[in-house]
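Novice: This is the structure, below, for whatever I ask next.
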Amino acid sequence: METDTVAIIGPQSSEMAHVLSNLANELQVPLLSFTALDPSLSPLQYPFFVQTAPNDEFQMTAIAEMVSYFSWSEVIAIFSDDDQSRNGIITLGDKLADRRCRISYKAALPPEPSAKRGDILRELNKIQMMESRIIVLHSFSRTGLLVFEVAKSLGMMGKGYVWIASTSLSTVLDSFYPLKPEIANSIQGALTLRPHTPDSKRKRDFMSCWNQLSNGSIGFNPYGLYAYDTVWMIARAVRLLLDQGGKISFSNVTRLGGISGSTLNLSALNAFDGGKQLLSKILETNMTGLTGHVQFNQDRSRINPSYDIINAVGNGQRLVGYWSNHTGLSIVPPETLYSEKPNRSSSNQHLDKVVWPGGETARPRGWVFPNNGRELRIGIPRFIPFGDGHRNPSYYELVNKIKSGVFDGVVGDIAIVTNRTRIVDFTLPYIESGLVVVAPVKKISSSAWSFARPFTPLMWAVTAAFFLIVGSVVWILEHRRNDEFRGPPKQQFVTILWFSFSTMFFSHRENTVSSLGRLVLIIWLFVVLIINSSYTASLTSFLTVQQLSSPIKGIDTLIGSNERIGFQVGSFTEGYLMEELNIPKSRLVPLGSPEEYALALERRNVAAVIDERPYVDLFLSEHCEFSVRGQEFTKSGWGFAFPRDSPLAIDMSTAILSLSENGELQKIHDRWLSKSACSSENSEDDIEQLDLKSFWGLFVICGIACMLALLVYFWLMFRKFSLLPPEELDTTSPSTSRSTRLQTFLSFVDEKVEKPKSSSKRKRESMSRIGYHINDESPHRSGRMDRNMSQNGDSWLTQ
């Protein structure tokens with residue numbers, strides 16, 4: 001810096017970067033580092049510091065997504081107690097929290113290179129006694145290899161353990177191949193990350209050249225490629241600055257010279273006058289280097305950060321997938337996905353099989369019962385007894401004992417409700433549940449009027465009215481042309497009634513001849529078919545199933561009344577009824593046992609009892625004089641409760657799911673809870689009366705058809721009436737009144753209209769008029785015609 005420098009590559013450690021970045025700000029000299037990757041080195045605080053490799057925020061995001069991918073919830077972090085490692089672990093904790101995971105323990109080791117075997121042994125002994133078996137290691141390579149060596153000696157590289165190391169381990173795998181046997185044995189099954197650099201001809205040529213220069217004595221890890229690209233970033237930026245007329249000049253910084261007590265010769269340092277312009281050119285870099293496409297985002301991070309996920313196997317390594325900030329975990333190179341839209345859904349996350357420590361390929365559970373722990377304290381209304389042994393305890397208080405640390409879990413008939421999920425984690429429900437209403441019922445015997453029960457009174461009234469309406473409409477449409485709908489008024493009224501109600505059985509004998517009448521009748525017969533079928537099915541149910549009756553139809557009946565309601569002591573039912581349904585506490589009666597339920601209902605101390613369905617099913621198996629009224633009005637389930645973020649909740653949920661899938665859970669339910677002795681008796685609410693709302697659509701269609709038919713019919717009548725000559729109407733006199741004209745129109749409508757003669761009949765009549773007779777037909781007519789003529793001739797002549 002004393003030699004008037006325009007840019008600096010380095011430093012190597014984040015601690016030094018924090019110090020020198022302040023000085024770089026004063027001297028306006030760009031400071032570029034590919035190894036000081038502390039996420040806390042913010043460009044807002046250190047504008048002249050540029051990280052040319054992906055910083056540790058992305059590495060920690062990749063580790064967090066791996067933990068989430070394998071469905072682990074807790075990890076233990078081992079790290080060197082320096083700025084970069086410490087801040088990286090802080091970032092890891094944040095990324096894990098975003099995925100509902102956490103760091104259960106942080107083991108800080110002395111900074112490199114001062115960490116000793118004894119320091120590591122002390123921490124690993126603690127970790128070995130803990131619950132979690134997922135260990136994340138974030139340190140430099142020397143300390144990291146020593147951690148693996150000690151872990152191997154303690155048996156912590158065996159079955160059940162998971163080790164995820166940061167990029168320091170991958171630099172060892174890349175730089176020192178083949179590995180020494182003792183190193184290879186100590187890291188078997190570990191996962192590590194390596195900055196991903198796309199394959200290219202330029203990269204292959206460079207590596208070939210490097211191998212010739214080094215004579216194959218040392219490998220080349222990706223950070224060497226980032227170093228190479230960093231040099232070219234500065235070279236291109238300086239050339240661009242000079243090509244655009246920039247100059248290299250320096251000026252003295254008076255503020256630094258006034259600092260006293262410093263061992264540095266700060267007065268000799270000069271500021272680079274073109275520092276801001278050079279920094280701008282560096283950040284505008286857009287080139288293809290050995291590490292791929294080199295470009296910066298607005299937050300000064302490299303675009304498209306990505307990592308290879310490496311599994312240490314045998315004497316080398318095995319690639320199991322990739323992580324990128326674009327699509328997350330995948331088994332295809334990230335550069336092939338950049339042209340597609342980002343997809344971070346869980347179904348799109350994939351990794352190949354991993355060989356875990358101990359040679360296992362099955363996913364480790366990730367936790368064990370700790371060696372330094374105590375026996376689990378599981379609360380059950382009475383495993384570790386909770387309550388006084390006489391009355392039902394408060395289930396909310398029981399669950400709250402988990403939060404206070406009294407219990408490590410609660411197993412039993414614990415309803416999963418909202419206020420409990422705020423303080424504990426529940427497993428998947430092992431049984432469905434919900435609140436129902438139980439009330440006394442009486443048996444309904446068949447009566448002489450049972451046939452009327454399928455329909456409500458309103459349905460009967462509307463159906464009868466439509467029978468009369470349709471009969472009247474058909475009579476109007478057929479009256480002028482159909483002799484069967486004519487006659488004396490009394491006869492016509494009877495015809496309307498007979499025709500209307502005979503359609504119920506499709507036994508009407510009157511024919512319809514008008515198109516409008518046939519249209520209305522077809523629609524009405526379809527309606528009658530639906531009503532008949534529904535009536536028959538409903539009546540069958542009413543007559544064949546034993547019925548139970550009660551004035552209480554369900555929860556709505558209780559809400560709208562002032563009756564007293566019983567509930568189970570200690571359950572959430574009381575709070576739900578008061579807070580959600582606004583039922584006063586004065587109406588609620590606590591009951592503690594099935595016997596109290598039965599006694600309170602029999603003595604009418606309560607009108608009904610509200611409880612969860614499994615309890616009610618057991619209660620009704622011995623008390624057939626009561627019944628469930630209405631449907632379940634809540635939906636929930638029973639589960640086991642554990643502390644928040646406990647891995648036991650996940651594993652128990654997995655076990656419950658397995659029992660459900662293989663049918664064992666249903667067998668347990670049938671064995672203990674399917675004890676209904678009253679299964680043949682059903683509530684009358686189970687078979688509902690058919691009301692108008694089930695058929696109103698059919699009646700509307702039929703009504704519209706009748707109305708349209710009448711409108712068309714009367715329009716045609718008015719049209720024909722208006723075309724009649726005045727002499728036929730007898731309305732030529734100016735004194736003709738409006739009532740007389742109306743009477744004339746009604747008489748016109750009531751007139752009988754003769755059927756139009758067929759063409760054959762008109763032909764025969766014309767032949768008769770010109771002198772031809774049937775008997776004079778030519779003898780050359782066919783025999784069949786002669787026979788027809790002889791058979792029908794008399795009727796024709798008569799007509």
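Note that Cβ sites are derived from N, Cα and C of the backbone, with glycine treated the same way.
OK, TrEMBL features for this one:
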- 336-675: domain 'Ionotropic glutamate receptor C-terminal' (DOMAIN)
- 458-477: transmembrane segment (TRANSMEM)
- 489-507: transmembrane segment (TRANSMEM)
- 519-543: transmembrane segment (TRANSMEM)
- Cys624-Cys678: disulfide bond (DISULFID)
- 695-716: transmembrane segment (TRANSMEM)
- 752-799: region 'Disordered' (REGION)
- 774-787: compositional bias 'Basic and acidic residues' (COMPBIAS)
- 788-799: compositional bias 'Polar residues' (COMPBIAS)
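For each listed feature, how buried is it and what is near it?
Specialist: Within the chain, the transmembrane segment (519-543) has long-range Cβ neighbours (under 8 A, six or more residues past its boundaries) at 446, 450-451, 453-455, 463, 466, 470, 473-474, 477, 503-504, 506, 512, 687, 689-690, 694-695, 698-699, 701-702, 705-706, 709.
Residues 459, 462, 466, 469-470, 473, 476-477, 516-517, 519-520, 523-524, 526-527, 530-531, 534 of the same chain lie 6+ residues outside the transmembrane segment (695-716) yet bring a C-beta within less than 8 angstroms of a C-beta in it.
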Novice: With every protein chain in view, what's the tally of Cβ atoms within 10 Å of the Cβ of Cys624 (disulfide bond), excluding that atom itself?
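Specialist: Cβ-Cβ neighbours of Cys624 (disulfide bond) within 10 Å number 16.
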Novice: Mean pLDDT for the domain 'Ionotropic glutamate receptor C-terminal' (336-675), as a whole number?
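Specialist: For the domain 'Ionotropic glutamate receptor C-terminal' (336-675), the model's average pLDDT rounds to 83.
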